[in-house]
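Participant: Quick one: the structure is below, and I'll ask about it shortly.
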Amino acid sequence: MIDKKELREISLKKKREKRLTWEEIGKYLGRDKVYAAMLLYGYAQATEEEADKIITLLDLPKELKPAFLDAPMRTPAQPWPPTDPFIYRLYEGVLLYGPVIKDVAHELFGDGIMSMIDVKIYVDKVIENNYPRMVLTFNGKWLYYSKW
């Protein structure tokens, strides 16, 4: 059986060949475009139905299904420091604005953290003053620190 890394390479190649967008794949799966990307990148575990749909949509061999059903190994895929400019800017945003976001969040919610397990991530495009802008939303469950 192939691993998630090989599965990602095969899946992304097929996506490019078929000229599919993440939006199209997400709609086909009944999921958000970011979650669809997570499935093809191997960052999320597909359900039986999702695996079947991906295999059909991308014309993949049925033998790849078990790899989609495997639980992913969630280790950082990026070097530190990040070398990709886009990903570096995401890190930069957290490094620069993290203390401020944390302070505002604690004022709103109290002492805790936002779950990155129970989270939904959305990427959207808006036009503001005739310029495209990216809207990045992390919608995560708030987890309070325990008291004992």
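Note that Cβ sites are derived from N, Cα and C of the backbone, with glycine treated the same way.
As annotated in Swiss-Prot:
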- Arg89: active site (ACT_SITE)
- Glu92: active site (ACT_SITE)
- Ser115: active site (ACT_SITE)
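For each feature listed, report its degree of burial, its nearest neighbours and the pertinent distances within the displayed model.
Facilitator: In the three-state DSSP scheme, Arg89 (active site) falls into the helix class.
Proximity of Glu92 (active site) to non-local residues of its own chain (separation of 6 or more, Cβ distance below 8 Å) is seen for none.
In this structure, Ser115 (active site) is part of a beta strand by DSSP. Spatially close to Ser115 (active site) yet at least six residues away along the chain are Gly140, Lys141, Trp142, Leu143, judged by Cβ distances under 8 angstroms.
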Participant: Quick one: give me the count of other CB atoms within 10 A of the CB of Arg89 (active site).
Facilitator: 10
